[in-house]
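What Swiss-Prot records for this protein:
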- 76, 77, 78, 79, 98: substrate binding site (BINDING)
- 99: divalent metal cation binding site (BINDING)
């Protein structure tokens, strides 16, 4: 498991990285994570999140544009545990999570806006692997995202931690 330090990556690659507006908090069991972006665009329906975490996620980060909704959670303990089991590096969720006491013990990175106890509807609605924009940054499938307790950054290509 690679450890990333976003300030060091920003210093080493100032012309390459974009920094998200500071609105995310770390809810996962991994303080730092990074990988290739897979995107979902949805609103108060985590059906596509459930589908993706059931797939192999080695080297990948699921970026979920939940429209910034603070009315329900797009990720809970069961989906986080599936993501960890299937090798996902982490999830960046522009929305809420729940079961936070379990998430912090799960071996997957999770950055989200807040916690909320209500689950989503399951209507099968959402778009996979489309460009999504939130927190002042556009996430494109196949690009790279890195996160730690300092923040979240995006790069068009993979980054190596400086020595």
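Quick reminder: no glycine exception, Cβ is built from N, Cα and C everywhere.
As the structure is a computational prediction, the values presented were derived from the model and not from experiment.
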Shell list (substrate; ref centroid = CB of 76, 77, 78, 79, 98; cutoff 8 A): 73, 75, 80, 81, 97, 99, 102, 103
Spatial separation of residue 76 (substrate binding site) from residue 99 (divalent metal cation binding site) - C-alpha basis, Å: 5
Those binding-site residues listed as 77, 99, and which of them has the most Cβ atoms within 10 Å of its own Cβ: 99
Binding-site residues compared (78, 79) - the one with the fewest other Cβ atoms within 10 Å: 78
Neighbour tally for residue 76 (substrate binding site), based on other Cβ positions within 10 Å of its Cβ: 21
Chain-internal residues near residue 98 (substrate binding site), provided their CB is under 8 angstroms and they sit 6+ positions away: 73, 75, 76, 77, 115, 116, 117, 118, 119
For substrate: widest Cα to Cα gap among 76, 77, 78, 79, 98 in Å: 11
